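Annotated in Swiss-Prot:
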- 19-167: domain 'Thioredoxin' (DOMAIN)
- 61-95: disulfide bond (DISULFID)
- 61: active site, cysteine sulfenic acid (-SOH) intermediate (ACT_SITE)
């Protein structure tokens, strides 16, 4: 399945299907900042916010990580996973420089299948190969309780709606 989002107003195709409310989240294995493999199942029993974005080295993506880091400190039994195509070194450098410790960064470095499975694989245009901007919120049993594929990649996600799903 292919969906369309926009980058600076221009349409770009995104492969796969974003999980929808009521779906069971597919397990995945991504790469942590220490280069270890981390699976969704590593966070069993916890609620999860998947903040998915193209690159931590862009202003909007960096802003989303900062915002979710701030919000994560207020959430009980919840982990915020910030997922991008960046190398784990870049993710670690950014969070270290910014003093961000409430989120967990994960890279698609060895988990390219995640992009297709979660419907965020940008397949054309200048961002081809990166992940589209999306937020998926899971309950403690990995059921999707909120899902947003951001239409314009250069805008931030709807933080309030994502948080409302956790209330």
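Don't overthink the numbers, they just go from 1 along the chain as shown.
Heads up, the Cβ atoms here are built off N, Cα and C, so glycines get one too.
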Legend entry - Per-region confidence, the domain 'Thioredoxin' (19-167) (mean pLDDT, whole number): 92
Inset, instruction - Summarise the domain 'Thioredoxin' (19-167) by DSSP state, stating how many residues are helix, strand and coil. - result: 40 helix, 40 strand, 69 coil
